[in-house]
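Novice: Just dropping this structure here.
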2 protein chains.
Amino acid sequence: MAERTHQQAEGHYFENEPPPKDLKTTVTLAREFINRHADEGRRVVLVTSGGTTVPLETHTVRYIDNFSAGTRGATSAEYFLENGYAVVFLHRQFSLLPFSRHYSHNTRSFLDFMKEEDDRVVVDQQHQEEMLEVLRQYTQVKREGRLLILSFVTITEYLWDLREVAKLMQPLGPKAIFYLAAAVSDFFVPRDRMVEHKIQSNEEFSLTADDENGNGNGRPPAARTEGRKLIIDLEPVPKFLKSLVDGWAPEGMIVSFKLETDPSILVKKAQYSLQKYAHHLVIGNLLLTRKWEVVFVSAMDGEKWIRVPRHRRTKSFSGIEALVGAADPTSKKEQEADSSLMTEHSIPHGEPICEIESLIIPEIEEMHTKFIQQTQARNGA
Amino acid sequence: MAERTHQQAEGHYFENEPPPKDLKTTVTLAREFINRHADEGRRVVLVTSGGTTVPLETHTVRYIDNFSAGTRGATSAEYFLENGYAVVFLHRQFSLLPFSRHYSHNTRSFLDFMKEEDDRVVVDQQHQEEMLEVLRQYTQVKREGRLLILSFVTITEYLWDLREVAKLMQPLGPKAIFYLAAAVSDFFVPRDRMVEHKIQSNEEFSLTADDENGNGNGRPPAARTEGRKLIIDLEPVPKFLKSLVDGWAPEGMIVSFKLETDPSILVKKAQYSLQKYAHHLVIGNLLLTRKWEVVFVSAMDGEKWIRVPRHRRTKSFSGIEALVGAADPTSKKEQEADSSLMTEHSIPHGEPICEIESLIIPEIEEMHTKFIQQTQARNGA
């Protein structure tokens, strides 16, 4: 019964929320890419990245967004590529991209890396070495045709794209991974409750809202002014993870993320999600420690923390290092023991920063290998 | 009485909403910059750009945003610089910047402009000429110290920065312009109604909300789940334009923007705003034609449309060209006459795209000259 209700909710969603304008192009590109790599026997990962928007008006002036620069997704995509995967990178428009992420979304302008030399623009000496390495990786991946970049803005665009790409990935069987790093809204404004025009803030001009209140279906608009206040009531998005596991991608390995801010509920929520959807791996992370530690929760390996060694943690991130371990009851002692050593002088210098995704992806690759073997054994048996 | 109420609302806002962490740095940088240019007798413009966010949680996972890539602000800043102004560019973090805007926020990765040549990274031949021109402009502006880049994310950071920078600009007298192109939220979540942690979407985990409901002050949180819905009620932001005109910047020329989606109310709303705040210029624009036409509404010149000639309009923008003129009753005939000519073949080819800001800024410079003369005449009398 619950199953039927979910299918109905999903059906209702896609019947009522229009597909993105570029869906045909997306499908054409994705089909060619996926089939080519399927033919070559390569593993393919769909990496979703960045936040989805929930527009409040059809002609959108205001929207609700989910915080994400796209760092997790863009960085993970690079390590999947390094590990031989073909990557479909479905990202929020203008969020970070693999490779170019090293030079965007920072406080400097891209032109600050450039200088004029003999009437030509070149990269300045200071940045040559690192950029050359990045450019070579990027060029190689492009030459091999192993990276497909797709984009979304709204929650509805995201869900349409996810559904269509997932279906196209079915021929990959267990060689497909879904690595769902995007920050997807749990709530949305249904099309039939969305006002057309910008919501007016002063009462003199909000009279027109009366015309829209009806919308022909008697349901009040989801966003509306009441007196001097703006009231928004949002409806739940159907649980697309359930659709993915049960319908769109029955054979692929599915990795979801759980971002929390409260350490006391992180592991519980990750376990709850794994039980509820019965997929393969939940990666739990806290907003304020997400670049230094994550927890893997899976049926295969139980609960497993992955942590960047203290002296190799990036500091270019406004996290709170004292919170590392706070969501992990087993780490309490280690944490206290560590903290006694934690003085400026005891930190070894000169060791390079370690991106946590460089630890996450090899772990996943190993699980994926087991996953493929198990599926093959089952099918062979 | 209304005045007193507004001042109270402003006072309450700044007493309750904490300043941005980097406010001191902002003030130090802005003071040095403004004083230097004031000493040199230069005109200074504060350009605000991009959208403000309204966080729903203290540890922000969800927020409300106002649509803006920052194109209007970044482009305008370049033309102000070209016209000799010093520019304080107060922009939403990661939104478009003057000069680098030509190479960011497009569908290509910045690395697509680069190639390897003799083990070095250089800009490829195809983009050399244009990028050299942009880099030269940028380098000159930096050398002359005429561009100060500041950033905000939230509505509260924006208002604090605006207030402090405006006060620092008072010594400039009428030589200051405030060019308020940022898309600023009319609504916000007061700090004392903001929940600390991520709002939980499923009922199993939302029990903690009870603890937060009280907040010690008996006011319900502004964002909360009710059953399976997310309810948000936002309070009005005090009218900072009034504060700017009456208090923070009594002598500067103030230019505000009015973005609408409904052509039938655009001019009325611009006029209403000009009457209400008694500042100097409202620039009205429609979401779907904003790169092709704007309307100036001022006491000085009345209502005046500025339009890019049809054959020089950018097409790299998902606007609706048929809406050009729709908010301007006087243009109806012209529009109809034009549309009869509007076939693919009749568009002259080869003329360069004209950015509407290249028409807007010289108009404003002219008004600013008159404004300075009038102030000087008044003060001399």
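Each residue, glycine too, has its Cβ placed from N, Cα and C.
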Novice: Among B:1-22, B:199-220, B:331-352, where does TrEMBL put the label region 'Disordered'?
Specialist: B:1-22
Novice: Determine which residues of the chain contact the region 'Disordered' (B:1-22) at the Cβ level, with the cut-off under 8 Å and only residues 6 or more beyond its ends counted.
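Specialist: Sequence-distant neighbours of the region 'Disordered' (B:1-22): 152, 154, 156-157, 159-161, 163, 190-192, 237-240, 242-243, 246.
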Novice: Counting by DSSP secondary structure, give me helix, strand and coil numbers for the region 'Disordered' (B:1-22).
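Specialist: Grouping H, G, I as helix and E, B as strand yields 15 helix, 0 strand, 7 coil.
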Novice: So, by DSSP, how many helix, strand and coil residues make up the domain 'DNA/pantothenate metabolism flavoprotein C-terminal' (B:43-96)?
Specialist: 12 helix, 23 strand, 19 coil
